[in-house]
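Undergrad: Provided herewith is a single structure, encoded as structure tokens, for subsequent inquiry.
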Amino acid sequence: MGNGNSALLGTDLDKFEKIRLKRGGKKCYRLKHLCWCKGELDRFGLSDKLLETQQGCEKILSVCWPLYDQGSDNLKALVGTVCVVACIHAGIEIKSTQDALKKLKVITRKEEKQEDESKNFPVQRDAAGQYQYTPISPRIIQTWVKTVEEKKWKPEVIPLFSALTEGAISHDLNIMLNAVGDHQGAMQVLKDVINEQAAEWDLTHPQQQPAQPGGGLRTPSGSDIAGTTSTVEEQLAWMNMQQNAINVGTIYKSWIILGMNRLVKSHCPISITDVRQGPKEAFKDYVDRFYNVMRAEQASGEVKMWMQQHLLIENANPECKQILRSLGKGATLEEMLEACQGVGGPQHKARLMAEMMRTVVGQSQNFVQQRGPQRGPVRQPTGRKPICFNCNKEGHVARFFKAPRRKGCWNCGAMDHQKAQCPKPAQQQRVNFFRVWPLGSLQTGELSGTRGDSNSSTIRGETSAENSEHLSEIRERAQAEDEGGEERGGFSFPEYSLSRRPIEEVSVDGVTIRALLDTGADDTIFNERNIKLKGNWQPKIIGGIGGNLRVKQYDNVYVEIRGKGTFGTVLIGPTPIDIIGRNIMEKLGGKLILAQLSDKIPITKVKLKPGVDGPRIKQWPLSKEKIVGLQKICDRLEEEGKISRVDPGNNYNTPIFAIKKKDKNEWRKLIDFRELNKLTQDFHELQLGIPHPAGIKKCKRITVLDIGDAYFSIPLDPDYRPYTAFTVPSVNNQAPGKRYMYNVLPQGWKGSPCIFQGTVASLLEVFRKNHPTVQLYQYMDDLFVGSDYTAEEHEKAIVELRALLMTWNLETPEKKYQKEPPFHWMGYELHPDKWKIEKVQLPELAEQPTVNEIQKLVGKLNWAAQLYPGIKTKQLCKLIRGGLNITEKVTMTEEARLEYEQNKEILAEEQEGSYYDPNKELYVRFQKTTGGDISFQWKQGNKVLRAGKYGKQKTAHSNDLMKLAGATQKVGRESIVIWGFVPKMQIPTTREIWEDWWHEYWQCTWIPEVEFISTPMLEREWYSLSPEPLEGVETYYVDGAANRDSKMGKAGYITDRGFQRVEEYLNTTNQQTELHAVKLALEDSGSYVNIVTDSQYVVGILASRPTETDHPIVKEIIELMKGKEKIYLSWLPAHKGIGGNEQIDKLVSSGIRKVLFLQNIEPAQEEHEKYHSNEAQLREKFHLPALVAKQIVQSCSKCCHHGEPIKGQTDASLGVWQIDCTHLENQIIIVAVHVASGFMKAEVITAETGKKTAEFLLKLAAQWPISKLHTDNGPNFTSQEVETMCWWLGIEHTFGIPYNPQSQGVVENKNKYLKELIEKIREDCKELKTAVAMATFIHNFKQRGGLGGMTAGERIVNMINTELEYQYQQNQISKNLNFKVYFREGRDQLWKGPGILLWKGEGAVVLKYQEEIKIVPRRKCKIIKDYGESGKNSQVNLESV
């Protein structure tokens, strides 16, 4: 058996043909399998002679075996066949391919194991048994560098790096990384990952064995593994130890690969779950994207295999998903690609058809004409000349034939020219379909393009003003011509509504069939049960629903629609629906005119948040009437194309419900998108507020438009639509619920406002460029258009705007098109010369209205306050203070009822606002209302543009000037938003009162330019506090005391002239008695008075000069203070020796409370008077509380500071430094300050350059730890030298703003202090650099204070020491993890455990048991070590933890 060319001869071939292909199968190997095997070997560049010997077969397997697991089915079949041949050569008895694979696999693994044992490059053992190191070759380094330069950091870089560094040590790996050091960002990422892994290694291997005196190796640390603190010899020794060898090279390599995975992920931020196939994307392109992203995923091989088997199918588009699921779970990637090759857009299908045609033309096959006249001789397999498909002549093919084609022009169909010479413009070369005017009785022509009249042009989305009218004119003209009986050379279908499927009766060879007109189908196909055609046919396979379909192809079949027919190709097969494809409709002259142009609107891509999936919330029960109402709404929306049915595979759902419309019997559909909104990406609000009429420039012509069906006009991202799925249930579960999803922006979805605003704004930008002088305001779907055009020009601009919107199918309904005043817009009523607020009707309030009714009322009043002055809501808001339910009823007070009636009277008188005139000055005038609020109006001349009020009260006690300052800030912010600048402000007070208050309260942030208008009311309500004691005036020492238990209290005063008064009070507190004491002093004193108190509470209230309060006692004190000419208020601690304060303290304390006596306050005051010591010195030396020491300092007129600025937050971490340059004596001093401790380093530099700054930074980093550097954005700090030094040192560099205290406040303050120190010692120094060094020494080691009362030098050392102790303590705590805890709970006598010890205290322990944290008493637990020691020793060791 066999022939000379066979690899097996005689008996070997007989044995071969008895071996089964599969175990338990019937088919056996044949000679054809050997022939096929030889052909496959040629693909691998292997000779077929290798099959003739056993050694040759083993060589084949050495090449193919490593690819077996990941190889295709052909490769696995080839390996199996070679294994069978090898077993026959070796005389091994086998019965099937699986037996051969099993036996050959064992042999190959043994050989591989032997090879692995002998392969130890780059470490080689010499004859003496010593390990010799072979450095990595330059060729490998060159390959690595070239790969990084070409591939950057794509996923394929990682396996190449792993292959190039096989067996390398840490030294080699560092050489590889240094070779690509130009990639600084990537190297920094790798460095961070290596440092993290090294720290984790040190944490998990805390017991470091030092080097032994006898030459023993130390245990490698994390830095040793990274090769930074170890030598090549040590690395080799660790890798080749006899016992407990540590392969540092492999460990370090895994760290680097971990960092590379992070790099790859940063360069490929798309998650594998986000890779989804587009609706018209080719499956091959989708697979390429999928695998590129999957390579970047940090996952194991099993996980990636699961991704390939599940995610690849689940994320495909519905068409491919249905085909792939029909293939089953075991389908290979090749089978998937073959099955889905027909899925894609028109370009993909055209490319696929071209490739198929090229394949067919290139092959020598018989083409038999099975129906109709033959176009030429039958092509023979070989030895015949080619036939031209154009002229049917032999000797050439169609593409080399120069004569015109038989079918004429591809554009218009005329026979007298080609497409290149077609006179019609390129815009009309598109194939159009449904016409938009009705069709009369016309004669059928050969081609539709032969009609030459002007009406044959395609209706496109024009931007001209006549667009909307142009369509109706064409319709009317076409109808008139049709009625006139004018003949046309072309043929067109009538108009078909897309609210339902376009199905038409079709005659096919005399058989009538109802078929779907499908412009997306390439071919015409009918179900074999509906029609039987006669004649010859050809077999064909096409891609259909559920997979490939085997159909019969009939040529030259006559198809007739509405009396108009043509000949074409028809397919007959098992299709679920009969379809008329483009091949027939094109011959009939079908045109597709897109009356709905929403496909021109750009799609905004939307995604879910990373790591989440869509909502799956069940639909709750609905009543029958709601279900019926919802179904009607959904049917209408589906007809309009705004929603569509959902595939059965969609498992997302969002619940819906229905409510009745106001005063109607119709239902309104609502959908609960709360869960989907949580899962969806965040959107930025494009418009932060509504436009205001006061900011509109006065114009002659106004028009207000509204975009109809605003959200429903903008398409939703097709990839996101499945997440909006919802279900309309049926009553009693009579049938499965109908499932829909949104095709447009849904109401209630978080992204709808942002996407709608952005989409419409991009379209309106065209109009704004064409009409720069026109004011076009857009807020959601409301449009305001104002201009100074003439009436005709303005109307023309409006027509152009509406036509522009229509190009994107954004309609502006006539019923909301406002041409004449008054114009209703955004709640306002607009006129050409004025604007109003739409009439505000206040509802009648009952005696006990609900919280919700009060809230609505306050909202209406606040809306009206922008134009109606004097509106107050303070008393109404008091009714709903606290956490009340919106349905809870409240009782109207007399004040609230009065406020309500006053507001009603104000609203009864209509108010008008004016538009902004850029040529006139804009100013704001403030007034104080009787209710205490601040009202204001924006004015130009005598005209009011708008009004407002300010009643915000942050504290219980406030004054008018503080409230006035807050009002000016509010007005300034609103003015910038509306007009873009801050106008001049007229405040109702005098300059003296304002500056007197402002002197004490300068830190209230920003105040604009003001103009003072004296108002007697505000002057009368103001009172002055003197900063110094009044000479010759009686001094009142006041005090109060109360008993916490009995609530009894006393308050009184004693004067320096011997007068005294003490009153008793019931049910009072200590703070109230202090206030009563001040009140008594004000009642009995004259117009000028000195008051001394020991109450910080009283001073804190009265020092801010409040004029309004809800506190009854404070209110009385304010009224008494207004009647005084001058008041001096001071604070002194209530202790012995301080004036008459001690005496009044004894009077009011008698029988009330026990007075504490502190002897150190008086000496502290004396010391401060002598040396002006700071607070820290007083607290340290005299052991005073911080509050007392601070008050002693602030009571000194020389040390007192008027107010303190509002401070921000400064990063005071341990490693944070601030650096700045200052100038003194025409020289440059660079100053560095440690933010946390205040430690300073300074020196004189020759030039303020990046090089000198970098040198200073390096010297600083060599002495002190730095993790973060903060500077201003000066050129020396932003230079390349400083950035490089920060990168090398691993320092984070941040920038601030020069001279901004919030940016470099610490170093700016030190600059000033350093200069003061230098000034004191400058006379003792010859050179400035010596003075700088001495001043730095004094600051760091001779100035005590701040945190801990230490010097700056002591403080920074203490902080570093504390940080090290903390880290040591954390390490000690981690040792607790070595202990296990067994414990009992409650009355349960059974021991539970073991748990993990987290903390051990004196009476209890904290442990973790089964993911739960427990606190157990020490008497109910036993703690043992986790490793082998006796119970006794374990207990002893435990107590030492």
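Counting starts with 1 at the first residue shown.
Cβ atoms are placed via backbone N, Cα and C, with glycine included.
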Undergrad: Have a look through Asp706, Asp717, Asp719 and flag the one Swiss-Prot assigns to the Mg(2+) 1 site that Asp781, Asp782 belong to.
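TA: Between Asp706, Asp717, Asp719, Swiss-Prot records just one in the Mg(2+) 1 site with Asp781, Asp782, namely Asp706.
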Undergrad: Which of these, Glu1074, Glu1125, Glu1162, does Swiss-Prot say binds Mg(2+) 2 at the same site as Asp1039, Asp1094, Asp1145?
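TA: Among Glu1074, Glu1125, Glu1162, only Glu1074 appears alongside Asp1039, Asp1094, Asp1145 as Mg(2+) 2-binding in Swiss-Prot.
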Undergrad: Match it up for me: which of 508-516, 589-597, 823-831, 1183-1191 does Swiss-Prot list as region 'RT 'primer grip''?
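TA: Of the candidate stretches, Swiss-Prot labels 823-831 as region 'RT 'primer grip''.
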Undergrad: Among the residue ranges 161-177, 994-1010, 1215-1231, I'd like the one that Swiss-Prot describes as motif 'Tryptophan repeat motif'.
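TA: That would be 994-1010, the stretch labelled motif 'Tryptophan repeat motif' in Swiss-Prot.
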Undergrad: Quick one: what's DSSP say for Asp1272 (Mg(2+) 3 binding site), helix, strand or coil?
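TA: Note: Asp1272 (Mg(2+) 3 binding site) is coil by DSSP, not helix or strand.
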Undergrad: What's the CA-CA gap between Cys1196 (Zn(2+) binding site) and Asp1220 (Mg(2+) 3 binding site) in angstrom, rounded?
TA: 34
Undergrad: Could you state the CA-to-CA distance between Asp1272 (Mg(2+) 3 binding site) and His1168 (Zn(2+) binding site) to the nearest Å?
TA: 38
Undergrad: Expressed to the nearest Å, what is the distance separating His1168 (Zn(2+) binding site) and Asp1220 (Mg(2+) 3 binding site) at their Cα atoms?
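TA: So the alpha carbons of His1168 (Zn(2+) binding site) and Asp1220 (Mg(2+) 3 binding site) sit roughly 34 Å from each other.
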Undergrad: As a test of reading the model: what is the averaged pLDDT for the domain 'Peptidase A2' (513-584)?
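TA: Summarising the domain 'Peptidase A2' (513-584) by its mean pLDDT gives 85.
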Undergrad: So which one is it: of the binding-site residues His1168, Cys1196, Asp1220, Asp1272, which has the fewest other Cβ atoms within 10 Å?
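TA: Output over binding-site residues His1168, Cys1196, Asp1220, Asp1272: least Cβ neighbours within 10 Å is Cys1196.
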